[in-house]
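Here is the structure we will look at, set down as structure tokens.
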Amino acid sequence: MSLSLSAKHQRQRHPAMSQPLMLNTRDSDILPVSSNSSPSTYPSELETNSIVRAPEVIPVTIATVSAEYSMAEGEQLISLDYEVFGKVQGVFFRKHTQAQGERLGLVGWVQNTDSGTVRGQLQGPSSKVREMQEWLQKKGSPKSKITKVHFQNEEKILRVEHSAFTIHK
């Protein structure tokens, strides 16, 4: 958390405190910050014994795509396998699938099969996986001709198993 303080707040001191303070945004308490904290948690603007007061606490939701991606606020993460049939090889289907998955914030993989289909796995918030399912069924790459899509092995997960959306060769 980066804090920007006015000169007035930077000079305030509390006689009983020997350490700088940092606001705990979860319960609005003011907590001491140890002097051996890393730079990301110990703002350089703070002087020793200064007091930080926030005018209000604003809840923030941060979403990132990474191996540490865990259940989004109020939305279940799911994993889903798929196989797409039709003219889906030689038409940049994998590249477009990867790009669409990344646009939606999903992780997983996509690959060609020896039988002429494209298969893969999607992981992420259920609403985004549903959007990707519709894209796989109705759109695909510009030159593809999708005849059918099989979805299977849908399951709820606590965190994603992949760090990105990759193309397997």
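Cβ coordinates come from backbone N, Cα and C, glycine included.
Annotation comment: TrEMBL describes 1-46 as region 'Disordered'.
Taken from TrEMBL, the feature compositional bias 'Low complexity' applies to 30-44.
The domain 'Acylphosphatase-like' annotation in TrEMBL covers 79-169.
As annotated by TrEMBL, active site applies to Arg94 (among others). In three-state terms derived from DSSP, Arg94 (active site) belongs to a helical segment.
Per TrEMBL, active site is recorded for Asn112 (among others). Counting every protein chain shown, the Cβ of Asn112 (active site) has 18 other Cβ atoms within 10 Å.
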Residue pair Arg94 (active site), Asn112 (active site) - Cα distance, angstrom, rounded: 8
DSSP helix/strand/coil residue counts for the domain 'Acylphosphatase-like' (79-169): 24 helix, 41 strand, 26 coil
Other CB atoms, at most 10 A from the CB of Arg94 (active site): 21
